[in-house]
Amino acid sequence: MHKLVLIRHGESTWNLENRFTGWTDVDLTPTGIAQAAAAGRLLKEGGYEFDVAYTSVLTRAIRTLHLALDEMDRLWLPVVKHWRLNERHYGALQGLNKAETAKQYGDEQVLVWRRSYDTPPPPLEPNDPRSERGDPRYAKLTPSDVPLTECLKDTVARVMPLWNESMAPAILAGKRLVVSAHGNSIRALVKYLDNISDDDIVGLNIPNGIPLVYELDASLKPIRHYYLGDAAAAAAAAAAVASQGKG
Ligand SMILES: O=C(O)[C@@H](CO)OP(=O)(O)O
């Protein structure tokens, strides 16, 4: 049996301000820092050991990983940082307040933009100052790999090559992985692992900073999954994420 641990980053400044974030590179709040350290403590108390860590190229996920590994005295672990684990790109919504957007366009429309499988938010213009196409961390990508918007289906499509070519082979080779990523890149992985339907994925929300453990069989099919720590608190935190898009 293999164990895979997924952690959504701790609360970010734009989570606190309830803004659509996507590929915008915001940092953790003091609460987010505490959540990340608490995640590390839960993993340490649970006796979890890892051989390699994966994260995105966004500061909030990288810092969450470092804070958690620091609690575990495992800052020395090898880390793979990859853009394919970045948050889903939120297009022209990046920077807007979620509740204000829901007041303007309606809760239903915002739910579609936030959670539908295949309807992307309106795209950024390529020359929009918010576009990440000029960001040096993406300089080696072809410009079309730097999205102007994404639906979850697009995020699944860009996460899966990393899973298939790097993460899954590492797990099959016996490596224990911890992944520090984002609400929607984790939803993409979970959708694939649990084979969740396009309709049911709308209801899945990932709380900040709580380790989500997947037990996988020899062919990487999930046996079961659970949040570490207080299950009721994890469920309440996921429900709070769901209601962030209400006007
Ligand atoms: O803004 C975002 O990028 C994500 C994660 O914070 O939000 P949502 O839960 O609305 O997909």
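For all residues, glycine too, the Cβ spot is worked out from N, Cα and C.
Keep in mind that this is a model prediction, so the values were computed, not measured.
The active site, tele-phosphohistidine intermediate annotation in TrEMBL covers HIS9. A coil conformation is recorded for HIS9 (active site, tele-phosphohistidine intermediate) in the three-state DSSP classification, outside any helix or strand. The Cβ neighbour count for HIS9 (active site, tele-phosphohistidine intermediate), using a 10 Å radius over every protein chain in view, is 33.
Annotation source TrEMBL lists active site, proton donor/acceptor at GLU87. Using a 10 Å Cβ-Cβ cutoff, GLU87 (active site, proton donor/acceptor) registers 27 neighbours. In the three-state DSSP classification, GLU87 (active site, proton donor/acceptor) falls within coil.
For 127-138, the entry in TrEMBL reads compositional bias 'Basic and acidic residues'. If one looks beyond the compositional bias 'Basic and acidic residues' (127-138) by at least 6 residues along the same chain, the residues whose Cβ comes under 8 Å of a Cβ in the stretch are 23-24, 57, 83, 92, 94-95, 145-146, 148.
Feature annotation from TrEMBL assigns region 'Disordered' to 116-140.
The site 'Transition state stabilizer' annotation in TrEMBL covers HIS182. Its own atom aside, the Cβ of HIS182 (site 'Transition state stabilizer') has 27 Cβ atoms within 10 angstroms in the protein chains shown.
Taking only the Cα positions, the spacing between HIS182 (site 'Transition state stabilizer') and GLU87 (active site, proton donor/acceptor) is 5 angstrom.
Between HIS9 (active site, tele-phosphohistidine intermediate) and GLU87 (active site, proton donor/acceptor), the C-alpha separation comes to 10 Å. Broken down with DSSP, the compositional bias 'Basic and acidic residues' (127-138) shows 3 helix, 0 strand, 9 coil.
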